[in-house]
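According to TrEMBL:
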COMPBIAS  51-82  compositional bias 'Low complexity'
REGION    1-27  region 'Disordered'
REGION    51-87  region 'Disordered'
TRANSMEM  107-126  transmembrane segment
TRANSMEM  170-189  transmembrane segment
TRANSMEM  201-224  transmembrane segment
TRANSMEM  245-265  transmembrane segment
TRANSMEM  277-302  transmembrane segment
TRANSMEM  396-421  transmembrane segment
TRANSMEM  453-479  transmembrane segment
TRANSMEM  500-520  transmembrane segment
TRANSMEM  526-547  transmembrane segment
TRANSMEM  559-579  transmembrane segment
TRANSMEM  626-650  transmembrane segment
Amino acid sequence: MSATTSPADSSTATGGPTTTTTPTISTSTAAATVTNAIVKTVEAIISSTAPAASQSASPSPSGFSTPTQSPTSSSTPTTTASMGGPEEKLSVQDLSQTLQHFGVVDYLVFIAMLAVCAVIGVYFGFIEKKQKAKKKGQLAGKDGAGAAGVEERRGSEALDYLVGGRQMKVFPVALSLVASFVSGISLLGTSTEIYVYGTQYAFILVTLAISGAISWYIFLPVFCNLQLTSTYEYFQYRYGAGIRNFGAILFIVGTMLWLPVAIYVPAITYNQVTGTGIYVIMPIVCIICIFYTCVGGLKAVIWTDVIQSFVMFGSILAVCIKGTYDVGGLPVVLQRNEDSGRLNVPEWTWDPTVRLSMLSVIVGGTLHKMQSSDVNQVSIQRFLSLPSYEHAKRCMLVFTLLLIFLLSCCCYMGLVSYAVYHDCDPISTKLAKASDQLPSLLMMRTLGSWPGLPGLFVAGVFSAALSSLSTGLNSLACVVTQDIVRPLLRKPLTERQTAFWLRAIVVGFGFSCIGMVNIVEKLGNVIPLVTTTSAVTMGPLLGIYCMGVGLPWVKGKSVMVGSLVSFLALGWICVKAQLGKMNGEIRYPKMPVSVEGCDYSFDNATVFQAIHDYSPSERNLYHLSFFWYTAFGGVICTVFSLLASLFFGWEDLSQMDPALITPCMRRFLPNKNCQAVNMQDLFKR
């Protein structure tokens, strides 16, 4: 989760303006005050490179003063003799501005990342296309239409644009999957979640391995065997056109709810380190992403994801390594977190309203990750860009390992954040205006004095967002053209028409996402927001996928009833829960924080309210753990589908195509006079 507050107290994390009283300075000391403020800034940058072991003896520049006054008064700045004149303690606003030292080298690093992405789009959109046309002409000149016809079928517009001609390599696709699902939401939100609530969320790493193994064994054999472009084509073969349309609509709605959040998160990071408004940088970056996704297709998306993955790994590792060094090493990081109780485990309870219980993390988290990362249009589309099922299995293994490693780094960055700010919580004092700005604040403290590294971190966060946006837009183009547009047409689209529709859909949805960011800004903390809103669509889809491959007895009509009930039930719970979090009615227990080591002025009333006036709320149905949403939706869909089958009847298994069922369930189908064919031989045919 991304917030330094619980999802219920997003109003606290993004509270109203703070008021800070400062003493009136005479004209004769104004120049000295400005000079000493600059000196203070330099000292802050220099001290950020010193080991934090000394911080216990002397507070760091990003520390905070102890709120010993009454909660209605503001802390009074103190003065010390320095350089022959009085020195005023920096306020929150002044210190925040001093941290915004994004230099020329940082801008060059950031611009270089965007330029590389644009160049990749140009290459696959124009240069490679000309090379293919030239090659096709050479083949036609050698042996007539034979080889040229095969090449043309392999390089058809839709196949090439949506699945890369099914000729992609394992490692680039695995990196693309990591970049697609570890968005800026995960990079920033995961570390903030650890800072606020402790290491309970880190147990999600176990579920990544479990969900990957389930997908490997249950789902991949079915989809790789069918070789479909859109996974919702499977719904038509298995259930009928109604479920295919319903599933496609759910995917479109869920993706359009998720992408604006993925864009918003890096925008607030950029705002934190540069002071530039989110509505200035966001359109520029998104237009570049729309461009290379539009012209380059899946190949451009995957290869830009490769570049962006390396930037993400480098930026996170830089913060973790430098932050650990600054505080005095790994033992100090672990000791400070252990002393605060942050090295905790999920609660052992059956109560589903507990925010993170062991059951909700392992069971609910596994089902959520299985649907969000392994079994949906975005991931299956990438697996199908590989030449064979064996390649897909290797890709799944590499993807799971890389995903576990990157999220482990994000979790560790949360521990480093607390080790750095153990005695001066920047969220309570509003140095971090939004809880999700904490990682960028940590970055500026640890890497701010190193030219280029702040630019690398911001580029890493934006890389995660751009990869998520480009992946989502490409998958939206696939679903809309294959599942919405094509079935409505009497005649198949020509290559030129297909190219137009694919690119028009990317542009249309891309600009729609930019416009929806304004709504996201007002909806609270990002990871709970994403989990709750996306669960409305992922829950029913999880049930549809699982019953499709694992319960061959269930008919399409029964599944439609179950999925509608699941969608409505989850929609009601998620909307009510999100409203409760926005209004402060749902508040979860948080780990303790301190402001005893702070050395800049802040509003004591705000800090007192954030630390002492906060208390968890009483739990009810709408406190349901966010990890249970997807699992809850899948269970509702399955149960009501089975109940509806008592009315609509059961599927005739003698008419069921075994290719639509996972291999471990085919034993329940009637024996047919079929010949077993090796999958590799099937692909060769």
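All positions are counted from 1 along the displayed chain.
Even glycines carry a Cβ here, placed using N, Cα and C.
TrEMBL entries are annotated by machine, without manual review.
Sequence-remote contacts of a segment are chain residues at least 6 beyond its ends whose Cβ falls under 8 Å from one of its Cβ atoms, and for the transmembrane segment (170-189) they are 1-3, 261-262, 265-266, 269, 301-303, 305-306, 308-309, 312, 316, 372-373, 378-379, 382-383, 385-386, 391, 394-395, 398-399, 402-403, 406-407, 410, 436, 438-440, 460-465, 467-468, 471, 525-527, 530. Nonlocal intrachain contacts for the transmembrane segment (559-579), taken as residues 6+ away from its ends with a CB within less than 8 angstroms of a stretch CB, comprise 7, 239, 242-243, 246, 250, 523-524, 528-529, 532-533, 535-537, 539-540, 543-544, 547-548, 586, 621-624, 629, 632-634, 636-644, 648. Here the transmembrane segment (107-126) has Cβ contacts under 8 Å with residues 285, 288-289, 291-297, 299-300, 303-304, 307-308, 311, 452, 455-456, 458-459, 462-463, 466 of the same chain, all six or more residues outside its ends.
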